[in-house]
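In TrEMBL this protein carries:
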BINDING   B:Ala10, B:Gly11, B:Leu12, B:Gly13, B:Thr14, B:Val15, B:Gly16, B:Ala17  NADP(+) binding site
BINDING   B:Lys107  NADPH binding site
BINDING   B:Glu192  L-homoserine binding site
ACT_SITE  B:Lys207  active site, proton donor
DOMAIN    B:350-428  domain 'ACT'
Number of protein chains: 2
Amino acid sequence: MSDPLRLGIAGLGTVGAGVVKIVRQKANLLATRTGRPVEIVAVSARNRDKDRGVSLSAYEWVDDPVALARRDDIDVLVELMGGSDGPAKAATEAALASGKDVVTANKAMLAHHGQKLATLAEENGAALRFEAAVAGGIPVIKALTEGLAGNEVTRVMGVMNGTCNYILTRMESAGLSYREAFEEADDLGYLEADPELDVGGIDAGHKLALLASIAFGTEVAFSGVDLEGIGKVSIDDIRQAADMGYKIKLLGVARMTGRGLEQRMAPCLVPQTSPLGQLDGGTNMVVIEGDMVGQIVLRGAGAGEGPTASAVMGDVMDIARGLRIPTFGKPASALTKAQPATVATPAPYYLRMRLLDKPGALAKVATALGEAGISINRMRQYDHSSDSAPVLIVTHKTTRDALDRALGAMSRTGVLASDPVALRIEQV
Amino acid sequence: MSDPLRLGIAGLGTVGAGVVKIVRQKANLLATRTGRPVEIVAVSARNRDKDRGVSLSAYEWVDDPVALARRDDIDVLVELMGGSDGPAKAATEAALASGKDVVTANKAMLAHHGQKLATLAEENGAALRFEAAVAGGIPVIKALTEGLAGNEVTRVMGVMNGTCNYILTRMESAGLSYREAFEEADDLGYLEADPELDVGGIDAGHKLALLASIAFGTEVAFSGVDLEGIGKVSIDDIRQAADMGYKIKLLGVARMTGRGLEQRMAPCLVPQTSPLGQLDGGTNMVVIEGDMVGQIVLRGAGAGEGPTASAVMGDVMDIARGLRIPTFGKPASALTKAQPATVATPAPYYLRMRLLDKPGALAKVATALGEAGISINRMRQYDHSSDSAPVLIVTHKTTRDALDRALGAMSRTGVLASDPVALRIEQV
C-alpha cells in the first residue's frame, strides 16, 4: 500500500461535512479501491464553533484557507467554499502554485477563471478537477473528458439547475403561477441567496460554459453564453406547449458551428416523449452527442450533500490512483479561443400571442411570418370570451433573425393585444 | 509529446474496422487529448482479402493473433475477435503475460474468465479494460469504477440487450406476436448467430455479471446469474401490463443482500413512467444506485460500429494517458467470492392466468394466494367469450418461494385453464 493521500478541506457546509463523513466512514473502501489510504489532515471554514454533525477534532483547524492550501502536509486542497473570487480563488491559486492538486465544486470560479487556473495547474504539474461543479452526482465531466474522449462532440445539452426544473414542473403539475412556484421553492430552501443565480440561468450557464470547453476544446467562455431566465414563462405557455406535445425546460445547449461557438441557456420546448421532456422535479440531465457514439443521456441528482460529495470523492480517488489529465481534457495552451456564434442555429419556434378580435387579424400575422420567409407548421386559435383571442403557432425551422423581423412586422400591424412570447423548440 | 502508443488490433469486423478508421482520421485529436500519438502497428483477422472499407496497407498483417499479441513493437492489444475461449482468450493471455495492456469488447470471455485474466494482468503490471463489453457506447464501466467509486453500490440494473428490447418494443407498438417480432429482428440482422445468446438473456447476463463484480467487489460469477429469456412473453402480457401502467423489459438486476449476491436477468415489469419503462427500441440503459449519489441513469446506443468503437477508444486513450486501475476496480486478490443469493429479494408480482368458467374459480385462486401469505394489490377479470376468463393479478410484495407455493396450490384447484404466467415487478 502506498503513502496516504492527505487532504485539506476548505469549506465545511453541507458538502464539506459530507466529504468528511465519507472519508471517516469509508476508509477501507477508499484504500482498497485506490491502493492507498485517504486521510484528512486539516480543515478550514468561517465558523469554528458550528455543529456540523461530524467530529472535526482529529484535524488541524486553520482559519485562513490560503494558509491551509500552502501547508506542506497536504497533497490535495478540497475547495468547497464557493464564490467566484475571494477566498476560494485565493486558496485554489495558492494550492496550485505550490504544486498541490485541487478538487473543487465551484462552478462560478471555473466559469470566470477556468483558463487561468488550468494554466496555473499545468505550469505546476498539479491537477485541477471539478466533477462536483456540474450536474451534482452525475459523472459527466469524466464521461466527456475520458469515456467519450475519442469523439468529436457535435452538441452538448443539459437541464442543470434543479431549482428551475422544480419550479417549471410544479407550475405544470399543480397549475401554479411562476410566482407561486417560485415562492414554494423559496420556502423549501431551494433557492440561492441571490435567486437570479438560479432563475436567471446564471448557475446553469456556468455549468454549460464548463461543458462546452471540454466538448469543443475551447477556453471557458461564460461571457459567450446567451442567457435567458425562466421568469417570463407563464402557466399558459406550459399548458399550451403541453397541448402541442412539448414541455418547457431551462435547457442549456452548446454546439460548434461554422459561425462560431453557440452557447445558449434559455427556456426551450422539448418533446414530451424525449428523455429531457420526461425529466421532472429537481433531477438533472446532460445529453452528449458525439460523432461516433451518437446520443448519450446521463441523469441523476444535481445537488445535495450525498450526490455532490460522491462527485468530490470520485475526483479525490482519481488523484489517489494517479490519474493526471488536463483540466479541460486538453492542455490549457491547446484550447482555442472560440468566437461566439453571432447567429443561432435555425430551429422551429413556438409563438404565443393574443390577437384583437378584428377581421383579418390572423391573416396579418400569417403574412408577417410569410414575408420573413417563415412557414407555419401548426397553428391553433383558442376559444375566447374576452376581446382578444389566444393564438399559438409552431413554425418550421427558421433563424432568430427572420423571426425577429416577423415579430417586428406583426407588432406594426396593430392586431396584437400584447407582446408575443417566442420560445425555441430544441430538436432532441 | 511522449512516445507513441502502439496498437495491435486483433479482429477486423465492424468494430475493428471502425477503430482503424478513427485512429487514422482522428490522429490530431487523439494526440492532443492524450499527449502522445496513437498508432496502429499490426493487425490480425481470419480473412486477409475481405474489403473492410479502410486501407490496411500501412500495417503489418499477422495471421496468428497470439503472435500479434507477443510482438515487441506493440504496447496494447485491442481484442475484437469475440468468443469466450479460443483465439481471443489465447491472444489476451499472451499479451497480458508479456506485460502488454489489453482493451477488449469481449463480454463472454470476461464473464467466464474475468477473475483469471484480471489476476494475470495485475501479476504482469498490465491493464485489462473492457468498456465496450457492456452497454456499447455508454461509459458505464468508467462511471462505476471511477466516477462513483466513493459509493457503496446498493443496486445495479440494466436493459443491455438491444435486440430483446427491440423485439419487446415491436410487440407492443405493432401488436406483433413474439415469433413475428423475432423474425423481424432476424431479417434486420439484429440477432446473434445463436439467437439464444440474445433472447435467452445470456449476452445481457454476461454484462450483468461484469457490472456486479465492480459494483460489489466480488469475483465475476456468471454462473450465479439467474437467467430467463423473453421467449415466454406474450403479446397478452405486454398489453395487460400496459393496462396496469407497466412495460415489460428484459431487465438485469444485481444487488448484495444478507442472503448473498443476487443476479437476475429476466423479463420484468417496470413502471411505464420510469426511465427504464420509457426506453424503446434498441437503446440500452444502465441504472446505478449508490449510498451517496442516489440513482444515476445512463442511456445510449448499446451496439454498432460507432458506439462500440467509441468505447474502445476511451479505453485506449486512458491507457495512453497513463491511467492504471485494477480491472474490476479493486485488485483481483481483494475481490471476494460471492455466495449466490438462494432467495430473491421480495417483490410484487404480476400474474396472468385463464380461469375456467366455474362458480368459485376466482375464490379458489384468491384463497391459494391468501394461504401462502400473499395479499392482492390489484385484480382484473376481463370479459370473455370462450369457456375461460383472463384474470390479471398484481400482488403486494412477496417472496418467490411463497409465490411458487401459491401457484402450486392454484394448479391443484383444477380451475386454471392453462399454466399461469408470473413476472416480477421491479421497483425502480
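Heads up, the Cβ atoms here are built off N, Cα and C, so glycines get one too.
Positions of the features from TrEMBL, shown on the structure.
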| residue | record | DSSP (3 states) |
| --- | --- | --- |
| B:Ala10 | NADP(+) binding site | strand |
| B:Val15 | NADP(+) binding site | helix |
| B:Lys107 | NADPH binding site | helix |
| B:Glu192 | L-homoserine binding site | coil |
| B:Lys207 | active site, proton donor | helix |
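The two recorded residues B:Ala10 (NADP(+) binding site) and the residue listed as 'L-homoserine binding site' have their Cα atoms spaced 20 Å from each other. Cα of B:Glu192 (L-homoserine binding site) to Cα of the residue listed as 'NADPH binding site': a span of 14 Å. Residues B:Ile9, B:Gly18, B:Val19, B:Ala45, B:Arg52, B:Leu80, B:Met81 surround the recorded NADP(+) site, their Cβ atoms falling within 8 Å of the Cβ centroid of B:Ala10, B:Gly11, B:Leu12, B:Gly13, B:Thr14, B:Val15, B:Gly16, B:Ala17, which are themselves excluded. Helix, strand and coil counts under DSSP for the domain 'ACT' (B:350-428) come to 25 helix, 28 strand, 26 coil.
In sequence order, B:Ser44, B:Ala45, B:Pro65, B:Val78, B:Glu79, B:Leu80, B:Met81, B:Gly82, B:Ala88 constitute the residues six or more apart from B:Gly11 (NADP(+) binding site) in its chain with CB-CB distances below 8 Å. Between the binding-site residues B:Ala10, B:Ala17, the minimum number of other C-beta atoms within 10 Å of a residue's C-beta occurs at B:Ala17. The number of other CB atoms found within 10 A of the CB of the residue listed as 'active site, proton donor', across every protein chain shown, is 28. Of all the binding-site residues given, namely B:Gly13, B:Gly16, the one with the smallest number of surrounding CB atoms inside 10 A is B:Gly13.
Long-range Cβ neighbours of the residue listed as 'NADPH binding site' (same chain, at least 6 residues apart, Cβ-Cβ under 8 Å): B:Phe130, B:Ala133, B:Val134, B:Asp203, B:His206, B:Lys207, B:Leu210. Highest Cβ count within 10 Å among the binding-site residues B:Val15, B:Glu192: B:Val15. Counting Cβ atoms from all protein chains shown, B:Thr14 (NADP(+) binding site) has 17 others lying within 10 Å of its own Cβ. On the 0 to 100 pLDDT scale, the domain 'ACT' (B:350-428) averages 93 in the predicted structure.
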